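Read the structure below first, then the notes.
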Amino acid sequence: MDDTAAAGGVSPEKPASPQHAEPEDDDVEEDGPGETAGAGAGEGKKKKKKKKPKKKKAEQSDPPRVGLSKFFPDGNYPEGEIQPYKDDNTWRTTSEEKRYNERMAMEDPELTYQSIRRGAEVHRQVRKAARKFIRPGRTMTEIAEYIEDGTRALVEENGLESGVGFPTGLSLNNCAAHYTPNAGDTIVLQQGDVLKVDIGVHVKGRIVDSAFTLTFEPTYDKLLEAVKAATDTGIREAGIDVRLGEIGGAIQETMESYEVEVNGKTLPVKAIENLSGHSINPYQVHGGKSVLLVKNDDQTKMEEGEYYAIETFGSTGRGRVVEGGDCSHYAKAHDAPHVPLRLTSAKSLLNTINKNFGTIPFCRRYLDRIGESKYLLALNHLVSQGIVQDYPPLLDQRGAMTAQFEHTILLRPTVKEVVSRGDDY
């Protein structure tokens, strides 16, 4: 999920993402040698021991509905792709002090990396199924609900403890971000569409924010290649004490080295200058620091222990987005002001938002799902009071195509962990 106004040539080595986690137990007890029953007795018969029933392997269903705890009963989830720090930070990899800090973090339920890794494994399994399901002819609503139903089941949704991290982004073509269908949406995926799929999962407020782009014919393959390479560049350049402005320059250089040929015309790929990656705080997907996609003078540094969504967006258009269209995405501001609400319906809706979402982003379909109705006036009132932030769709010029790739990374004391990396991207 992008941060507005304000996300590498790494070979994506897949972290273990087992579909079968429980080892099959097909050991049968060895028959011992038969005992002889005294001098005159013949050779004793071997005792037959009953075979243990084979344990069934845990297997993911189709569509995915088996909770992740069935695959990882010990609560240890797969580590993401590990990238060593570079330049002045290479010492961290072998530092005893930094290793000790990591061990301490893993023992602290608030800091443990298991929450983000659990979310990442849910993300990998859900998106693997979604890639097979998403085809031209499906409606946007069918696709969104398929992804969200899978996420809720696999993360074993439990109030504010675990669930969907933000509304599923399904932005099409010149829409770069922040579109998910509202009730009554009739848009159907077409063969020539460029679809950004932005999926969020959270466990104990640790949000995995990762996205990919799908096409169904080859015209825009180079656009996808450019954006994927730019995201990998951003990941490679990220690190403790690295300045955010420098990462933006590296992303732009990679992205803009590509071009796309459409109907005999060569179009440059442009980094979208007013979108960005962002830090992620507990229960706050936009954590306050922004990683722009173009060179800039931001001297802010990345710090040890921080989580970042490194995402990049490329466009065949002007490389700048504006708000437009019907709003679907909302989130309660983490620093929401305490203001008297004169609308009773707004007070009631705010209670519903606090109880069901807290500061986790939500959409109008999620309000429908929990039984809210006729809430638009109240919702707009909360927005006008600064209590809830609205996030309208973000559009480049008509006729342009936009693509997105994104990963969540964790700046551990010793190494950088690309927690959402899979064998797909």
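Cβ coordinates come from backbone N, Cα and C, glycine included.
Unlike curated entries, TrEMBL annotations are predicted automatically.
Keep in mind it's a predicted model, so treat the numbers as computed, not measured.
Database features (TrEMBL):
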- HIS178, HIS286: substrate binding site (BINDING)
- ASP198, ASP209, GLU406: divalent metal cation 1 binding site (BINDING)
- ASP209, HIS278, GLU311, GLU406: divalent metal cation 2 binding site (BINDING)
- 23-33: compositional bias 'Acidic residues' (COMPBIAS)
- 45-57: compositional bias 'Basic residues' (COMPBIAS)
- 115-312: domain 'Peptidase M24' (DOMAIN)
- 1-88: region 'Disordered' (REGION)
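Cα-Cα distance from HIS178 (substrate binding site) to ASP198 (divalent metal cation 1 binding site): 9 Å (rounded to the nearest whole number).
For the pair formed by ASP198 (divalent metal cation 1 binding site) and GLU311 (divalent metal cation 2 binding site), distance between Cα atoms is given as 10 Å, rounded to the nearest Å. Close to the recorded divalent metal cation 1 site, the chain also has MET1, ASP2, GLY169, ILE199, GLY200, SER210, ALA211, ALA309, GLU311, GLN404, THR408: residues not among ASP198, ASP209, GLU406 whose Cβ is within 8 Å of the site's Cβ mean position. Calculated from their C-alpha atoms, the gap between GLU311 (divalent metal cation 2 binding site) and HIS286 (substrate binding site) amounts to 12 Å. In this structure the alpha carbons, written CA, of HIS286 (substrate binding site) and HIS278 (divalent metal cation 2 binding site) are 6 Å apart. Note on the domain 'Peptidase M24' (115-312): mean pLDDT across this stretch is 98.
The number of other CB atoms found within 10 A of the CB of ASP198 (divalent metal cation 1 binding site), across every protein chain shown, is 27.
With the fewest other Cβ atoms inside 10 Å of its Cβ, the least crowded of the binding-site residues ASP209, GLU311, GLU406 in this structure is GLU406. Least packed by the Cβ count within 10 Å, out of the binding-site residues HIS178, HIS286, is HIS286. Across the structure, HIS278 (divalent metal cation 2 binding site) and ASP209 (divalent metal cation 1 binding site) are spaced 10 Å apart at their Cα atoms.
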